[in-house]
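The structure under discussion appears below in the form of structure tokens.
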């Protein structure tokens, strides 16, 4: 389909004018800013039971140069090679092609091949959901970062489109990095993104659709005045990235946005104001800062309703609203968030609970999940969250299988009215369209130390809802419970038995349980003497292969009076997304089984507690594959 470049002179009454708009045409080359102009910018930037034996999990642990250093330091994405605590790479495993083929997911979004990382600029436009993503078109390892592009009618079935942006200008020649979309009231789309310049300086750039009437947004124009932002004095040239979606400021026609950075070891969110997205003013102070959290990247900032169950547009503010601040911590590759109050006039966000401040309190996901990004979906009035699920195997294994990383299933995000401290994340309702037939329903009484096989047609693609009722007499005896100060990550996994746990579900296991991934609850005695519930995912025996991540992930999760212990699991071959208590605590597992593959995968429920009986109620749906393929552009 031939498209024409959006012409502001003929559309001024409909769309926001962009200064110095290029003439019509497909991806026309932009004028390169002069060396003097670049120099000025750079000068400004300077200033169980017997079968579950106890095994310890493996632990994972600025000057210009001719080539960039490790991407975990300079590019703001995770180092790929999995390393142990000594820093040495693990020995590669002799993967068969059948094993590697089985690892590829059936209903999670991923490109046909090669490397992918952060989700970028998600939006809804003219009947289509758009997802852009960091992509290497040349290899299954990080490099040559380009913006991949895909569209969907339902967030589940996807169609690949041509690249939206490639690194072809001096200001993004070393990578078209992460960015966000802002949709103006008149429909114009402003896409701000970070570019890595020919001198390895992180700058912010503007792009916009060539033709807003095109539902697929096939062609994008880079503003010829790029970069629109360079690192301000006091900010490192490699510590200035990932602009957020903008929100309306206190003055009419004013927009605000935040960009992550650091000052020393303090993570900060800088705030800029603009009226046209081509010129910006850095506001005094910062939106928020937390000492000791290091570089903040992929910052997200959005409102949530404390009264209603719908999502809110990014600019919404007023009574009954809290604001979520999320930062992806470059130092440990974890996504942290906090809920607080935003003072628009003072440009300050304050956490409701300083002990749960951003970077030191709650995490969006306690597993392999990073660089998340939300957007407001006007079609269904919801806030939708994307996140990157990376790899923990070796680069050689990724090169052998020809791809690396997937995106999480999109999640809705709501404020948890019951706790007032947590968000509730839940898979978008469209995932249920993949359910095949009626669920398998089981109710199982589990005595201490017991395990039971649940027979399903295929254990590789499942949607599981499970609730557990613990013997009330045992719960009342919590004063006798052990493991005060229990932690999932240091507990020894599901093989570590206590009076009131662990109990839960075992997924992607083989018949002999030589490979298994338990997802479970563990009730311990808190520091106040009351029951404290933990939600964990144990990967210590998820694979017999060396050189892959085998941590125990998890955290505490509030279980309120009258609530059963409940979980939902989405199993998709080598990915398990686990949601506890309606999504208060979430864990994403990336596993690499060698035996529990194809028809050998099994599903179990278990109770490895020593002093409590548990009744498990389970619903299991088999899921069919999503349709993810190239868009038939020749049919347009």
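Glycine residues also receive a Cβ, built from the backbone N, Cα and C atoms like all the rest.
Residues annotated as topological domain 'Cytoplasmic' in Swiss-Prot: 1-31. Annotated region 'Disordered' per Swiss-Prot: 1-24, in sequence order. The topological domain 'Lumenal' annotation in Swiss-Prot covers 53-636. According to Swiss-Prot, the substrate binding site annotation covers 115, 116, 117, 118, 134, 142, 177, 178, 241, 242, 297, 330, on the basis of similarity to another entry. What Swiss-Prot lists as disulfide bond is 488-536.
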Inset, instruction - For residue 297 (substrate binding site) and residue 536 (disulfide bond), determine the Cα separation and express it in whole Å. - result: 26
Inset, instruction - Would you mind pulling the longest C-alpha to C-alpha span across 115, 116, 117, 118, 134, 142, 177, 178, 241, 242, 297, 330, which the record has binding substrate, in angstrom? - result: 20
Legend entry - Those disulfide-bonded residues listed as 488, 536, and which of them has the most Cβ atoms within 10 Å of its own Cβ: 536
Legend entry - Protein Cβ atoms within 10 Å of residue 115 (substrate binding site), excluding its own: 27
Legend entry - Distance [Cα-Cα, Å, rounded] between residue 134 (substrate binding site) and residue 536 (disulfide bond): 30
Legend entry - Residue from 115, 117, 241 whose C-alpha is spatially nearest that of residue 536 (disulfide bond), among the binding-site residues: 117
Legend entry - Closest of 115, 117, 177, 241 to residue 488 (disulfide bond), Cα positions, binding-site residues only: 117
Legend entry - Segment-level pLDDT (mean, integer) for the topological domain 'Lumenal' (53-636): 92
Legend entry - Cβ neighbours of residue 241 (substrate binding site) where a neighbour is any other Cβ within 10 Å: 27
